[in-house]
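Feature annotations, reproduced from Swiss-Prot:
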- Ser112, Leu113, Leu114, Pro115: (6S)-5,6,7,8-tetrahydrofolate binding site (BINDING)
Amino acid sequence: MHNLRIVFAGTPDFAAKHLQALLNANLQVVAVYTQPDRPAGRGNKLTPSPVKILAVEHNIPVFQPENFKSAEAQQELAALKPDLMVVVAYGLLLPQQVLDTPRLGCINVHGSLLPGWRGAAPIQRAIWAGDPETGITIMQMDAGLDTGDMLHKMVCPITPEDTSASLYEKLAIDGPEGMLFTIQQIADGTAKPEKQNNELATYAKKLSKEEACINWQQDAAFIERCIRAFNPWPVSYFKLADLNIKVWKAEVLPNTAQQSPGMIIQASKAGLDIATGNGMLRIKQLQLPGKKAMSFADVLNARQDLFLQGNILP
C-alpha cells in the first residue's frame, strides 16, 4: 500500500480531510489536483481551495486545470505514472482517458449509500427526504454519474437534529476510514466490486437559493427538514415586509386550530409559531438582513413590531 503512487483530486474542506488522512498514513501522494483558485469573500480575492492549501503546506505538486478535456492536462497526469487516483468532491468530470490512466484506476468517496442519491448534493438530499440513515460509498469510478462498482460502504444514522453541516462532520470521519480500508484492499488484491442496481438509483440535484424560500403550504415536518438540509447553505428563508429572513433552527408542533398556512399564531420567547399546510412550525433561531443569527427571543426584544399575531406571511 505504501508503494502505491497516489494522485489525489478534491477541492473543499471535506476533501482536505481525506488528503490529510492519506498523509497521516504516510502514503505516497505524488500530486494533487484541485479546482482553480476562485474569487471569495467581500473583496472577491482569488482564494485557493482547502485541498490546495494543505498540499502546498506539504510541498506536494498542485495541478489546477479548468477541465480534463485537453491533451495537455491528460499528458500531465500520465507523466506522473500514478498507480491510483483518489477523488473526493473534486467538482470536475473525468473523461474515460483520465479514468484509464492510473494502473489501478480511480476510486471515489461519495457521501451516500449508493445507488441512492447519486449526484451533487447527497448529504443535503438525505436530510431533505427524511432518510433515517446515509453513509459513505467508496466506488471504482466509471464514465457515468456515480454509477461505478461499489467497493466499500459505511452506514451513518441521521438524527432528528442533524443539519448538513453536522452530517458532513460525521461523514468526514467515516470517509477517510473507508478510503484507507479500500486502498489497502486494492493493494492486497482483495477488493470485491459490487455492481449498483440502477433501478434503485435516486438523484441528488444541486441546491438552489430559490429552493430555500419557505412555502408555508407545505407540511411543517418537510419545512423543518429543509431548514436542516439547507444549513449551512443556501439557508432557508421567508419574506416579511420586504425582508428576507433566514431560518436556522425550528421545531414541529401540532396545529390543532387549523389556521391558514403562513399565519403567525404567536410570537413569544419560546419561538415564532407559524401555521403550515399541515402542523405548526416554531422558529427558534433566525437571522435578519445584515445581522448575526440570533435566538427568536433576542430578535423579539428588538423587533417585536415585525411579528404581529394574525399576520399572514407570503
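Quick reminder: no glycine exception, Cβ is built from N, Cα and C everywhere.
Taking the centroid of the Cβ atoms of Ser112, Leu113, Leu114, Pro115 as the (6S)-5,6,7,8-tetrahydrofolate site, the other same-chain residues with Cβ within 8 Å of it are His110, Gly116, Trp117, Arg118, Pro122, Gly135, Thr137, Asp146, Met150, Lys153, Gln196. The number of other Cβ atoms within 10 Å of the Cβ belonging to Pro115 ((6S)-5,6,7,8-tetrahydrofolate binding site), over all protein chains shown, comes to 20. Ranked by how many other Cβ atoms sit within 10 Å of their Cβ, the binding-site residues Leu113, Leu114 place Leu113 at the bottom. Taking all protein chains in view, 25 other C-beta atoms sit within 10 angstroms of the C-beta of Ser112 ((6S)-5,6,7,8-tetrahydrofolate binding site).
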